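One structure is given below, encoded as structure tokens.
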There are 2 protein chains.
Amino acid sequence: MGKERDGAGQVRPTTSLSPSAEFPPLSAQDIETLRRLGEQWRVEKPARALPVDPELRPSRPGAARARGPDEAFRPDQPGELTATPAAERPDTSRGRFALRVRRVLLGPPLSSMSMLRERMRKLIALPVLSSDLLSSVAYGPEALLTILVLAGSAALGLSLPIAAALVVLMLAVGASYRQTVRAYPHGAGSYLVASDSIGPRAGLTAAVGLILDYVLTVSVSVAAGIAAITSALPALNPLSVPLSLAVIAALLAGNLRGIRVAGNIFAAPTYLFLVAIGGMTLFGLGQAVARGFTVIPPPPVPATEAISVLLIARAFASGATSMTGIEAVSNAIPALRPVEWRNARTLLTWMISILILLFVGLMLLTHLNGLVPRANETLLSQLAHRTFPHGPWYPIIQAATALVLLLAANTAYNDLPRLLYYMARDAYVPRRFLHMGDRLALTNGLVALSVAAAVILTAFRGRTQALIPLFAVGVFLAFTLSQVGMVNHWRRHRGSGWRRRAAINALGATLSAIVLVTAAITKFASGAWVVVVAVPTLVLLCLGIRRHYDRVRQAVSLHPTPTQLTSAERSEREMAQEFLPQRVHHLLVVPVARFDQAALRALAYVVSLGQPALAVHVSPEDQEADRLRDEWTAWGDHVRLETVVSPHREILEPLAQYIAQLRERQPDITLTVVIPEVVVNRPWQRFLHSQIERRLRRALRRLPGVVVTSMPIHLSEVHPQATR
Amino acid sequence: MGKERDGAGQVRPTTSLSPSAEFPPLSAQDIETLRRLGEQWRVEKPARALPVDPELRPSRPGAARARGPDEAFRPDQPGELTATPAAERPDTSRGRFALRVRRVLLGPPLSSMSMLRERMRKLIALPVLSSDLLSSVAYGPEALLTILVLAGSAALGLSLPIAAALVVLMLAVGASYRQTVRAYPHGAGSYLVASDSIGPRAGLTAAVGLILDYVLTVSVSVAAGIAAITSALPALNPLSVPLSLAVIAALLAGNLRGIRVAGNIFAAPTYLFLVAIGGMTLFGLGQAVARGFTVIPPPPVPATEAISVLLIARAFASGATSMTGIEAVSNAIPALRPVEWRNARTLLTWMISILILLFVGLMLLTHLNGLVPRANETLLSQLAHRTFPHGPWYPIIQAATALVLLLAANTAYNDLPRLLYYMARDAYVPRRFLHMGDRLALTNGLVALSVAAAVILTAFRGRTQALIPLFAVGVFLAFTLSQVGMVNHWRRHRGSGWRRRAAINALGATLSAIVLVTAAITKFASGAWVVVVAVPTLVLLCLGIRRHYDRVRQAVSLHPTPTQLTSAERSEREMAQEFLPQRVHHLLVVPVARFDQAALRALAYVVSLGQPALAVHVSPEDQEADRLRDEWTAWGDHVRLETVVSPHREILEPLAQYIAQLRERQPDITLTVVIPEVVVNRPWQRFLHSQIERRLRRALRRLPGVVVTSMPIHLSEVHPQATR
């Protein structure tokens, strides 16, 4: 169940997904209103028996049941059928072809009942959850050095102090997250934590920061993974953008198919990466020890900027991207084995430790080898080349890096749709993000992520270093808000030792905020402004969406909010009019253009309903109106005809206004306008019809209390079932 | 009246326009069917009195009548209202703004009753009808010489013999048209003549030829008119395309406004042109006489092609564009004073005579002055410069030429919409070409012509000589078919002297055919292929449109064609089912997603109609289905509920198929599916709703016997009238 409601209709969010989230249950108050309305329900005459069995039972027993596998609906219990795959088959050949392609690519549909709630043990959870974090060392150190080297090779000596500062940051944020995980054992994502402990707008801001982070994670990780490949195989360099897009498409297909349930495939590449990078670091340090720790001087690079505090701050903020992905654990707590929070904390400790070891080792090795970032080869590739000039080690390291980066992108495919799902439940994003596709994946979120990441990757032509400046701001915004939220949390709950805990989170929040501000300011011109503009824009958009959904909810909710008096009054009046059949008074209106089969069918239809009916004809000329009236008389004048002469030959507006005025005279009636409409077979044929029906329908939609009925007139009445 | 029907329902076309053409009257047979059906009409229970006065009379006399000018509908006679301009006012502010702009540009709307059937006297008719023909001498001779000069200046001597051949052609076609006008006194356009005397396909081919001709007339005349201006003011040369488009926009606006009724404004420029060109010719010939008829040798031009029969034929076909516009009289016969055909014949004689005089004079003068076509200055401009080196004459001649060319374009604006109107009456082009706008103009035809001409003019960058090759083929195709039709006509009717008459038309037809074939072959590569491809393509398109309309007519006609047995049988069965109220059996189906106001309204609506009703809920999970059923029970179970569990969470297809299967079980019932739909205020908000309603409506449209009712749920039930 997506939400749990208490007696007062208040909603407490849960972190598990449900296929029924699109259909939230009613509150107790709603059900009470229903019961009250149901008691007042009166029917003028008893409804006749249904002319057809709604359970679709065979009329002659045994006869039709023989169809077996083609049967679209299976009886389930009284009043309930279950749709079989035959009921989902589209009835156009194009639709069926698309479905077949889909089945081949994504596999057969999965039933709602097969929702897996598998728990991961720690040795599986470590690689699954850490690929995003650990893979960050593939671009973080390079991002740091790329900034420093702007001040010439001499500035590269600063890399070690900056790395030390980053280690402090990692420790602080890690400790902070360990506490968050303990405090929110059902899911400690920044959106949930900040919403709960600061307020909905802070949560929304954190969520928007995370959305940008996830999209950029995909773009950056895929670009960096492809860079690892093109570093090894320079011939592929010109193909890097198409290759990246192909990877995104493969990730989309894989996630639509739902391979994420098979978490084991994550273990191998992540452990391979750990072993490969760890091994290289140890071996490289061994080489350095062997040559007496002499630092190979870097090649002279001309300085294009002076060394300044700003430059150092930029380098620091760039290097901080090495710790993106740390939040993966907090989102995944419910997927761990019990005791969940304890396992999550252990995992966090492991991951931070490994991260720091890898990061420090790589920074040191780079410094000792005097390496400098280059455009066509990643730093990691240079390091691998330098450390293992011969043998199979270089390709293994590059392959492991590429794989783990692609897995890191996959983390975003896991987390973003889930975040959008939570946000959709709170009505901040379109409700379609609640929908689970036929493979139980959050289809719309997956598609949205892929499209956004592909657009960004293409716009930046797959250059990792160009994307980095956009990256840090979103992540550290979410980090900061989450940790500030934790400080609030402790202050509110004041458990034992809350001051110490609050201090740890406050340190994490402060350091994250420093990185956030540094990144936003120092990288503003080189791309961060996009994020600085996007965050408030998206927050406003989400608030607008929420406002719209709130209005819709109010318009259709069973008990109007008592604070809105006018709305309550209105609703009382409406309830009297429109919620009880005995209060609905009908007038059926048939616009007649010509006296043909279409008009006759519509007239027979309205008259057979036994309600007052009126035919309206809009005519360009008196003579034409008289002619139609003569035809009407010949027919027998069975329905009252009103002609409206429109001397300027406008049809639509006078008709719509006439109907509006009828309703204005008698606001109590429900007007049903019955419009016969020719159904064309091909789209181009639509141009051959005036489409006045469609335009009329659109014009009438604006009028309250006017119901529009379309009577399709088919050119060839071939039964569509027959062509299946 | 657009068509006149005889007893058998056969249609005889008339050439006058009618605002009611969109609403053709029923045949006697149709009315008989109506009478028969009306007699079988039974109503289960007598219809109750209408709950509102359809004549919109004030409930308290005197009270509401006071509104006066704002009143949208005036009572006319019992059962008839007349819409006032207030009824045409759009109810969105954007729509009202567009209307205000329209009124300023095009003037107030004109009533159908103010259709003018003004007749022109000959002195007015001459300039009105001849501007197209006479203005052709502004580009025809130049087109001829442009081809000849390809063979060098020496070849220019051939211009006089070719001109003589063209004079023969003009005489023959002129004599031929004199006879056509006599034989078809109600309108002798090529479409009508060829349709009547050869067959509908020939008529259609002629019509397509004429359509291309008219579109090119506008492009060529406007381009040539602007060329006359830029020859005088070379600074405007780079602006020629935007200027041309502005002229087309002005022609469109003027014709939408309907200034064509003021034919008098045509008289002045055409007569000015006649006087100016005639005067120049006489003066120039006088100069030639004065210098003893010595021919000034043309400047040496290098030959790029050899003189050949092909080249001469091309020059001849190009020169033949001098006689485009000769068909204007035959279209306009009904607009002349009685005896119409006699006046038309007289006009034709005058026009041909003036054409020949101008054409011969100009050819002679060009030859005597040794002029050669140039890219930046028209031949006529060179001639005017040479003849009147000083004084005000040169600008007068250029201005008169430009004006008369723009008037010639206006001829197409008169004739093409009318041709499309005739074709729409015969269902070869979309019916919207029958519609007369609020200024009684054939709005859609005018817009279509302007768009097509503007596209062509832009595509050819306003170069008259590049457009000429496309021009001749269409015109002479129509000429040929019309005259071949006349030969048929005489052979069929065999009146006195039919052989002589047939011979005259046959000569015209033969010469026209020669020009047609010559133009098509010799100019194939330089552009005529477009026309050669376009004519059959458009003919096929028109036939496809006709086929579609025929199917629609059959689907809605009151008496099915007896030749189609299956259709007749089907129609009999359907008539029993759907044309008589006592045979319509209802089942109302309400898809329910959630139990909210929208669902309750829909349920109250269907139950109040007193017909059997069924609610259907498609659910992704058993639990969710059970929950809804509990809510249903709490409400009181007033309507039978059927739940369909769709385990793969697909909603649309199972719902559509369930409804299809209900109908399949009981094909006699008319299923009405009532879909509550939230009406959003802004387009972007549509993205926030699943649009399952719209998709369901689209899916259900394909099913026969399924009627779809949309119940709008408004977010704010502000009465739209209140905001006006």
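Cβ atoms are placed via backbone N, Cα and C, with glycine included.
Keep in mind it's a predicted model, so treat the numbers as computed, not measured.
Noted in TrEMBL for the protein shown:
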REGION    B:1-30  region 'Disordered'
REGION    B:42-93  region 'Disordered'
TRANSMEM  B:123-141  transmembrane segment
TRANSMEM  B:147-173  transmembrane segment
TRANSMEM  B:204-229  transmembrane segment
TRANSMEM  B:235-253  transmembrane segment
TRANSMEM  B:265-286  transmembrane segment
TRANSMEM  B:306-326  transmembrane segment
TRANSMEM  B:347-372  transmembrane segment
TRANSMEM  B:392-413  transmembrane segment
TRANSMEM  B:440-460  transmembrane segment
TRANSMEM  B:466-490  transmembrane segment
TRANSMEM  B:502-521  transmembrane segment
TRANSMEM  B:527-545  transmembrane segment
* Structure fact -> With the cut-off at Cβ under 8 Å and a gap of six or more residues from its ends, the chain residues touching the transmembrane segment (B:502-521) are 168-169, 172-173, 175-177, 179-180, 313-314, 316-318, 320, 469, 472-473, 476-477, 479-480, 483-484, 486-487, 490-491, 528, 531-532
* Of the stretches B:147-173, B:235-253, B:392-413, B:440-460, which racks up the most C-beta pairs under 8 Å with the transmembrane segment (B:347-372)? -> B:147-173
* Structure fact -> Counting only residues at least 6 beyond its ends, the same-chain positions whose CB falls under 8 A of a CB in the transmembrane segment (B:123-141) are 163, 217, 220-221, 224, 228, 263-264, 266-271, 273-274, 277, 318-326, 328-329, 332, 335-336, 343, 347, 350-351, 354-355, 358-359, 362-363, 366, 378-380, 401, 404-405, 407-408, 410-412, 464, 468
* To do: Residue list, the transmembrane segment (B:440-460) vs rest of chain: Cβ under 8 Å, 6 or more residues beyond ends.
  => 17, 19, 110, 112, 114-115, 214-216, 218-219, 222-223, 241, 244-245, 248-249, 251-252, 255-258, 409, 412-413, 416-418, 420-421, 430, 432-433, 466-467
* **Most Cβ pairs under 8 Å with the transmembrane segment (B:466-490), selected from B:204-229, B:235-253, B:265-286, B:306-326, B:392-413** => B:204-229
* Flag the pair the transmembrane segment (B:204-229) / the transmembrane segment (B:265-286) as in contact if three or more Cβ pairs fall under 8 Å (sequence separation 6 or more). => no
* Structure fact -> Tertiary contacts of the transmembrane segment (B:265-286), defined by C-beta under 8 angstroms and 6+ residue spacing from its ends, are 123-124, 126-128, 130-131, 134-135, 137, 259, 354, 357-358, 361-362, 364-365, 368-369, 380, 383-384, 386-388, 393, 396-397, 400-401, 403-404, 407, 410
* Asked: Can you name the far-off residues of the same chain, 6+ from the ends of the transmembrane segment (B:235-253), with a Cβ under 8 Å from a Cβ of it?
  -> 105-106, 218, 222-223, 225-227, 229, 376, 406, 409-410, 413, 446-447, 450, 453-454, 457-458, 461-462
* **Folded-back contacts onto the transmembrane segment (B:527-545), same chain, C-beta under 8 angstroms, at least six residues removed** => 201, 204-205, 207-209, 211-212, 423, 427-430, 466-467, 469-470, 472-474, 477, 519-520
* Asked: Taking a Cβ cut-off under 8 Å, which residues six or more beyond the ends of the transmembrane segment (B:147-173) line up next to it in the same chain?
  -> 141, 297-308, 311-312, 314-316, 318-320, 322-323, 326, 352, 355-356, 359-360, 363-364, 366-367, 370, 372-373, 479, 483, 504, 507-508, 511-512, 515
